[in-house]
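> The structure is given below, and queries will be raised subsequently.
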Amino acid sequence: QGTRDHAPAQAVLRDRLLSAVVSCFKRHGAAAIDTPALELRETLVGKYGEGAKLIYELQDQGGELLALRYDLTVPFARYLAMNKINTMKRYHVAKVYRRDNPATTRGRYREFYQCDFDIAGQFDPMIPDAECLKIVHEILSDLQLGDFVIKVNHRRILNGVFAVCGVPESKFIPACSTVDKLDKIPWEEARSEMVGEKGLSPEAADRIGEYVQLHGGLDLIERLLQDPKLSQNKLAKEGLGDMKLLFEYLTLFGITGKISFDLSLARGLDYYTGVIFEAVLLQQDHEHGEEALSVGSVAGGGRYDGLVGMFDPKGRKVPCVGVSIGIERIFSILEQRLEASGEKLRTTETQVLVATPQKHLLAARLKLISELWDAGIKAEMLYKKDPKLLKQLQYCENTGIPLAAIVGEQELADGVVKLRDVATREEVRM
């Protein structure tokens, strides 16, 4: 089905991962919000380019056509418009749904978590955009996933490139969706799609090819600002000006070593209006002759200044920029690493097992465990009247419970509990 169940160890791993991501979002001052899994179909349609065919639509529900949310960005824009909010820094961790062909080895599912961070409001150019890139850098560095690169481009630069290459405006979005495939297909294949399927002239496609295969840093931005064709195009000039400012801020954040200005990055979503970015892992660890896990992009985002206005009755615009972390793809990598290392994950946080060495002491165990729970201590016991002590200690070892609180007849008579360190077997009466 392309959805997945999580075994206890996987659930623990996922929770750790989500916790690390949410900690970063909170560190940057974001507040949590939530939106429903169901949206009106009209809310979602027309916002995702070629991705629209992956929207899960539901049958007529008493006059309403509904759909499951495809991402967390469009519902956020709808939320801002409905509640007349002009300024907000938020994060949202929730499931989204896509009627896709699943590829579980690549972390691609029909139901999966997204972790989004967005800054909404009218601010000075590129400052919020730079912070979103800093967040991606922080998260990928903290998770120690290996080497990565964050590709950055600008929708206006792309539109400017298409304009100077002779592409009619009506074909900007179709051309964009083809350029967006350049990380998966060679240029020759992309060129033939542009000409054969998207109706571009061979000359226009060749001119696009000269630009979209470029990538670099501030030096490339400077070079394109001097480009005789692009420098005459208003959109491209504005986009390059934004990129130059962005790189100044990224230099101050000290992260330009991981940033690549890449003209092939298009991100096929219709709602982007400015800076767009995507984080890609460059290589995966693979030990014992195993194949590297190919997961592609692990984070992406950009600026979408026009989206809120689509939902506002008066067309009131709220500029927004945001990033989405592909948690399932990262999870796939960490899961494979865990399997390769043979490390066992603790699946509970239990601190102590209440145990008895003799028969007929169930009442003593129930009384002691109740006191521990009431005192906020994470405790367990075996659900048997008279379990053998060895079995109880074995359970501690199997599940990683560090301590056993043992109450036998002697301990009851003396009014004490014997606390045993399961790993070292040291015991202390208290």
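For all residues, glycine too, the Cβ spot is worked out from N, Cα and C.
TrEMBL annotations: computationally assigned, not manually curated.
Look at TrEMBL and you will find D71, L72, T73, R98, Q114, D118, R267, Y271, Y272 tagged as L-histidine binding site. Taken from TrEMBL, the feature domain 'Aminoacyl-transfer RNA synthetases class-II family profile' covers 1-357.
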> Sort out the sequence-distant neighbours of Y272 (L-histidine binding site) for me: same chain, 6+ apart, CB within less than 8 Å of its CB, listed by position.
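Residues satisfying the criterion: R155, G302, R303, Y304.
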> Taking the Cβ of D71 (L-histidine binding site) as centre, how many other Cβ atoms lie within 10 Å?
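Within a 10 Å radius of the Cβ of D71 (L-histidine binding site) lie 19 other Cβ atoms.
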> Can you check how the pLDDT averages out over the domain 'Aminoacyl-transfer RNA synthetases class-II family profile' (1-357)?
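Summarising the domain 'Aminoacyl-transfer RNA synthetases class-II family profile' (1-357) by its mean pLDDT gives 88.
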> Could you tally the C-beta atoms, other than its own, that fall within 10 angstroms of the C-beta of Q114 (L-histidine binding site)?
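The answer is 19 other Cβ atoms.
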> Give the number of CB atoms, excluding that of R267 (L-histidine binding site) itself, located within 10 Å of its CB.
22
> Using a Cβ-Cβ cut-off under 8 angstroms and a sequence gap of six or more, which residues of the chain neighbour T73 (L-histidine binding site)?
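D116, D118, Y271, Y304, L307, G322, S324 - these are the non-local Cβ neighbours of T73 (L-histidine binding site), listed in sequence order.
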